Amino acid sequence: MTLRIRLAALAGVVVLALVAAGFYVLRVQRDQASAAGSAPAVPVTDLAAALTAPHIVFRSTALGSGYGKLAVAPLTAPDGPRAFTEASCERAYAVAGRSVCLSARRGLTNTYKAHVLGPDWAATGDLPLTGLPSRVRLSRDGALAVTTTFVYGDSYASLGQFSTRTVVTRIGHKGSSDLETFRLLVDGKRITAADRNFWGVTFADDDRFYATAASGGKTWLVRGSLAQKRLDSIRTDVECPSLSPDGTRIAFKKHGGMAPGHWRLAVYDLRTGVETELAETRSVDDQAEWLDDKTVLYGLPRDGATGAATSDIWATPADGAGPPRVLVPDAWSPAVVRTSSPR
Amino acid sequence: MYVSVRDRPAAAAGRTGRVATTVVLLGVVSMFTDISSEMVAAVLPLYLTTAVGLGYLAYGLVDGIYQGVSAVVRIGGGYAADRGGHPKWIALVGYGVSAVSRIALLPAHGFAAIAGVISADRLGKGLRTAPRDAIIAESSDPAQLGRSFGVHRTLDTIGAALGPLIAFAVLALVPGSYDSVFVVSFAFAVVGFAVLVLFVPDVRTRAATAKAGLRQAFREISGTRLRRPLLATGLLGMLTVGDGFLYLAVQQRDDLTASFFPLLYVGTNVAYLIFALPLGRLADRIGRARVFVGGHVALLAAYLAAGGQLGGLVTTVLVLLLLGTYYAATDGVLPALVSRLVSDEVRGSGIAAAQTVVALSRFVSALAFGSLWVLFGRGHALLVVGLLLAVALPFAWRLMRTSEAPA
């Protein structure tokens, strides 16, 4: 091949690559524009009406103008028409009259916000946040909020090098508690290792909570007290606990002997110490939520028809009987609000 | 086609001449490939958590294991390049596999699929590095090898710095469309691949005529000339704490928000690309082993700065500068050093052996340092390793000085 032919070939490759990639990006841009302009691909109902009865709050992943918005559906028909709020969140949690919305502002450096939303879904304040948020919960009365972030989130390439920060905030008050400043006792022995990590808090009341503690490659379910600044281990291999409405059981993901990145949903009875694996056999990486005392909810990703990432909220019986079913299609990050919201 | 990077005026160095066109071309190939791979690396954590819905703890675990696999493939790539006598062919396979892995991210949506695609990329990288460095060594004046590698690494690092910028520009244009990032990344990889196919000459190494058997490769690698520098490299590698730990130390001390984390990588890369060429030339002048060991002195200083109590922006910038200096003084200098210590027939294997020693010893160090961190906490762990490094440096120098090739 002469130099001229090779140069021509390179020019051809460059032009082809440029045109093809440019065409792809422009098509995505056009699709996004038309999707954002089009009505949501799901039936829509009135927000005020939906909030008067017990309901489920979730992030809608249905294509259309409501993509990524918080939505509400009545518990009587969770897969029926949904009502959209104006809040866009990556992840959220809600109780009656209050919710916390984690959102990302993308750029060269990504900044994240944790907004506290009032009854009208408008932001009333921010929670302190360091890093990439992964879990959020409110206490039952909405007085306390907790977020877990990956502080060292950008190094996915380093073995065992990660750091989480879990911070409890009393909403409307200054200051917050970082769980790493609490005393951690495993089987009564104090753990002071620098690799202590905590995540996935679930509140029992305004003082007591459950969470995951990790150190040296092991994880524990711990019971904590905000007043005493103390965490006591209950058992091993528990991640992202979620307390049942009656306060007797913990739904969680367990790793067991599975490959890295795989978890099995299970329920632990705090009174008897009995563990029950749930019927869901797919790997679940989510902090579960309880629909009622008998049913556990969780999100699972699904490949969308147009390549857009979407997800569904699934439900499975807490006693391990099957089978799991889709509770809310095109949805993520469920929060069950059992009382109607004060207006 | 004359592509050349002129050196600075003769007055500065006393030695002029062009860096071989092949070296610059390979630099361009690496630049495009690095744009492509860093684009993906920059958005991957976000993609996994927000789009795929995975936690990345899971991902980090697997990735560490594949680093080990990549080290083994590296040796294979070096040996295959020697054995066949066509290092370009092996490099082509390596670059090709990595390029294809970008587009394979489009249909891959599960954890296993994504982990598979990423490891294919790493394997491609492992495969291509040694043959590529062998071509650089083959096409360069032996007396100016350090400078050649410096030019190559500079171009390579420019790509690494541009990649994240381009990725975030794409995301700004089409928010949330990670597939667009993968497609654009693939386009860059294809251009790099085309430059390699069309312009990089199929340099025939001596191995083409004198086929070196496994036995000869092994004999040379374990032979007296290479044994001592490899030992020294392994010793120093085991006391090399991963960048991630240093960044974490800086971050914990100064409570930088995680959103600024990517900037730490960018800072190191900028320092690396500024110093790669000057230090490569310095290595040609005063000796490669000297600069290589000197780079570890910079690393030691970085430990002290990151592990000490002095905080603030100045210390953080200093850590990044020192870390970049360390990379500039070692990454390209090591193959330059090794190339002259083995016979031409097994050059690829020799370079691969040295790079494998680096990769494996750093892997060991990451595991060991993780435990130290747990036992002593951040600052003390760094100071302990710093102390060990200070003790090891004179030994490493003694092992290496004999291999100082006449420049």
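Each residue's number is its place along the chain shown, starting with 1.
Glycine residues also receive a Cβ, built from the backbone N, Cα and C atoms like all the rest.
The domain 'Major facilitator superfamily (MFS) profile' annotation in TrEMBL covers B:22-404.
Sequence annotations record features per position, and here TrEMBL assigns transmembrane segment to B:39-59 (among others).
Among residues of the same chain six or more beyond the transmembrane segment (B:155-174), those with a C-beta under 8 A of the stretch's C-beta atoms are 24, 27-28, 30-43, 180-181, 184-185, 188, 262, 265-266, 269-270, 272-273, 276. As annotated by TrEMBL, transmembrane segment applies to B:155-174 (among others).
Annotation comment: TrEMBL describes B:180-201 (among others) as transmembrane segment.
Among the features that TrEMBL reports, transmembrane segment is placed at B:229-250 (among others).
Feature annotation from TrEMBL assigns transmembrane segment to B:256-277 (among others).
Annotation comment: TrEMBL describes B:289-306 (among others) as transmembrane segment.
What TrEMBL lists as transmembrane segment is B:312-329 (among others).
The annotation transmembrane segment is assigned in TrEMBL to B:350-375 (among others).
Among residues of the same chain six or more beyond the transmembrane segment (B:381-400), those with a C-beta under 8 A of the stretch's C-beta atoms are 228-229, 231-232, 235-236, 239, 241, 245-246, 249, 289, 292-293, 296-297, 299-300, 303-304, 306-308, 369, 372-373, 375. Annotation comment: TrEMBL describes B:381-400 (among others) as transmembrane segment.
A mean pLDDT of 84 is what the model gives for the domain 'Major facilitator superfamily (MFS) profile' (B:22-404).
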